[in-house]
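A.B. asks: Please read through the structure below; I'll follow up with questions.
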Amino acid sequence: MNCTTKVPTYCYRHSPELIKTRNKDDIDTIQLEKELSSFSEENQSQISQVWNIFQQSSKQQRLLILKGILASSCTPQLSYISNAVKPLLCTDFTAVFPPEITKQIFTLLDASSLCSAAQVSRRWKLLADDDTLWHRMCEQHINKKCTKCGWGLPLLQKRKVVRVSKRARSEPPCDEEAATAPAAKRVDRRPWKDVYSERLVVERNWRRNTATCRVFKNEHSAGISSLQFCEAQNILITGSYDKTAIVWNLETGQVLRTLKGHARSIRTLQFDDTKLVTGSMDNTLRIWNYHTGQCIRTLEGHTDGVVHLNFNCRILASGSADSTIKIWNFHTGECFTLSGHTKAVNHVSIQKDSTTLVSSSEDGSIRIWDLEKRACARVLSGHMAPVQTAIPSMPGFLHTFFKQQTKKPIFIKRISSSGSGSSDEEEDVAANALIRRRGSNSSNTSDNSNSSTVSDCDRSSEQVVISGSLDNTIKVWSLETGECLQTLFGHVQGIWTLAYDKLRLVSGSNDGSLKLWDIESGLPMHCLDGHTSAVTSVSLSDTKVVSADCQGEIRIWDFGVQA
C-alpha cells in the first residue's frame with residue numbers, strides 16, 4: 001500500500017519562500033504576539049482559539065466568519081480594516097514571476113521609470129540597474145533619436161591621446177570616420193547606466209544651450225580659413241591666410257608646433273591619425289607628418305589656388321579656383337580631373353562608398369559626380385548666390401525632410417561667451433531621474449517638445465546633401481533625385497561654413513553668428529554669439545563646437561559634462 005503525503009498549498013502571502021519579500025506594511029506576527037501577551041491568560045487562550053478555528057476553516061467558512069465579524073464591527077473597527085487591507089493586497093510581482101518575465105516587464109520602462117523603480121526596494125534596485133537594460137537603453141537613444149520618446153543622446157568620444165604605432169604611421173586608416181575622429185581603445189568597462197547618465201547630461205546641455213566658451217590667444221598673423229579638431233588626440237589644427245598651419249593642444253590652447261612651407265595662404269586642411277593634408281592658394285597640396293612637422297610630399301597639378309580638399313583611406317579630392325576637381329589615388333598615385341563647374345570650386349566631399357563626390361561652386365550650383373565613370377551625374381540648382389559648402393549625409397542618417405512640416409516657431413535662446421543662456425526656472429524637474437519627461441516641458445525651453453514623437457516609419461534614410469550659400473539659406477537636397485527637400489531660413493547674411501551629425505547642425509555666417517539647428521525638424525534651436533567678424537570655419541563633435549573667424553579668433557563652445 002502506497003502512502004502519499006499531502007503537500008500543503010499556500011497562497012501568495014503565506015508561501016514560506018516569499019515570507020522575506022512581504023510588503024513592509026504587512027502585519028508583523030512578532031508584533032501580534034507582543035500585543036497578545038498584554039492580555040490575561042484566559043483572553044490569550046480565547047483569542048488564539050479564534051485564530052486557530054479561522055486557520056483550519058475552509059474558504060467558504062472563512063468568508064462566512066468574516067461576514068459575521070464585519071456585521072458586528074463598529075465604525076472604528078471598520079475604519080481600521082479599510083486602512084489595513086489596502087497595503088496587504090499589494091503584490092510584488094518580482095517575487096512571484098519568473099526572472100525572465102520580470103526582466104521583460106522592466107524592458108518596457110523608460111529611463112525615468114527605471115530610476116523610480118530602483119528606489120522601491122533592494123530587490124527592485126538590482127533589477128532596475130541591470131546592465132543589459134541600460135545597454136538596451138543606450139542602443140535605443142545614443143547617436144540617434146528614439147522612436148518611442150523622441151530623444152537622442154550624443155555618442156561621446158573617449159578623450160585619450162592615441163599612441164600611433166610605426167605601422168599605423170605608414171598605413172592610413174580604412175575608415176573615413178577614423179580619418180576625422182580617431183578613437184582610443186577601450187580599457188575599462190563602465191556600467192551602462194553611468195554611460196547613459198553622462199550622455200544625458202551632455203544632451204541636456206545642448207538642449208538648454210548650456211556651454212562654456214574658451215577663446216584661444218591668436219597666434220596667427222592673419223585670419224583663419226579652416227580648422228579641424230580631434231578630442232581623442234586632444235589636438236586642433238588651424239590653417240591661416242598667413243601661409244601657416246598651427247597644431248594646438250585642444251584643452252590648454254598651447255601651440256604644439258607651426259607648419260611652414262606654403263608660399264601663399266592655406267585655404268583648407270584635413271588630418272587623420274598619421275597625416276595632415278593642406279591646400280593653398282599657391283596651387284599646391286602638401287602632405288605633412290604633423291607629429292613632427294615634416295612635409296612628406298607636395299602635390300602639384302592645379303593651375304590656380306586650392307580652395308578645398310577631402311580625403312579618405314583611398315583617395316584625395318581637391319577643388320580649385322581654376323574651376324576643376326582633381327582626384328588623387330593614394331595607392332596607385334593616379335590623378336584625374338573632373339571638369340564642369342564654370343567658376344571656382346568652393347567645397348568637395350567624398351561619399352562614404354568612395355564612388356560619389358559632391359562639389360559646390362561660385363557658379364551657384366552643386367554637382368554630384370560618379371567617380372567610377374568620371375562624369376557629372378546630376379546638377380543641383382536652386383541657390384541664388386555662390387554655394388560655399390555642400391555635405392552629403394553619413395550612413396545611418398535619419399530625417400524627416402521628405403515631409404512638408406508645419407511646426408510652431410521655437411523660442412531661440414542666445415548664448416554668449418560669458419556663460420549659459422538658461423535660467424533657474426528652465427531647469428528640468430526630472431534631472432535627478434536622468435531623463436526629462438516629454439510632458440513636463442516649459443514653454444520657454446527649446447527642445448521642440450510640443451511636437452509629436454516621430455517613429456521610424458515617419459523617418460527617411462534617403463541620402464541627402466545639405467548646402468550653405470551666400471544667399472543666406474541652407475538647403476537640403478535629395479542625393480538620388482536632386483530635388484530640394486527643404487530650405488532653412490534664419491541667417492541674415494551669407495553662410496560660409498556648416499557642419500552636422502545625426503542630431504544637430506551648426507552653421508556660421510558672414511555676420512559672425514553661429515546657429516544650432518535641430519536636424520530632424522530643420523528649425524533653429526540656439527544662437528552662439530561672440531565672434532565680431534565673419535565665421536570662416538566650424539567643426540562639430542558630440543560635446544563641442546569649434547569656430548574661427550577672419551580675424552583669427554578661435555572659440556570653443558563646450559557642452560560637455562563640466563559645462
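Even glycines carry a Cβ here, placed using N, Cα and C.
Feature list, courtesy of TrEMBL:
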- 440-455: compositional bias 'Low complexity' (COMPBIAS)
- 91-137: domain 'F-box' (DOMAIN)
- 435-457: region 'Disordered' (REGION)
- 217-258: repeat 'WD' (REPEAT)
- 259-298: repeat 'WD' (REPEAT)
- 299-338: repeat 'WD' (REPEAT)
- 338-379: repeat 'WD' (REPEAT)
- 465-487: repeat 'WD' (REPEAT)
- 488-527: repeat 'WD' (REPEAT)
- 528-563: repeat 'WD' (REPEAT)
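Tell me about the surroundings of these features in the structure.
C.D. replies: Tertiary neighbourhood of the repeat 'WD' (299-338): same-chain residues 172-176, 179, 264, 267-270, 277, 279-287, 344-350, 354, 357, 359, 361, 369, 371, 374, 376, selected by CB-CB distance under 8 Å and a gap of 6+ residues from either end.
Mapped onto DSSP helix, strand and coil, the repeat 'WD' (338-379) counts 0 helix, 25 strand, 17 coil.
The DSSP breakdown of the repeat 'WD' (465-487) into helical (H, G, I), extended (E, B) and coil residues amounts to 0 helix, 14 strand, 9 coil.
Looking only at the repeat 'WD' (488-527), the predicted model's pLDDT averages out at 91.
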A.B. asks: Looking only at residues six or more beyond either end of the repeat 'WD' (528-563), which have a C-beta under 8 A from one in the stretch?
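C.D. replies: Distant contacts of the repeat 'WD' (528-563): 154-157, 181, 198, 201-202, 205-206, 210-216, 218, 220-229, 231, 236, 238, 240, 248, 250, 414-417, 420, 496-501, 504, 506-516.
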A.B. asks: Counting only residues 6 or more past its boundaries, what in the same chain has a CB within less than 8 Å of a CB in the repeat 'WD' (465-487)?
C.D. replies: 356, 358, 360, 364, 366, 368, 378-380, 382-393, 399, 401-402, 405, 493-498, 500, 505, 507, 509-510, 517, 522
A.B. asks: Reported in the order helix, strand, coil, what are the DSSP residue counts of the repeat 'WD' (488-527)?
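C.D. replies: The counts are 0 helix, 22 strand, 18 coil.
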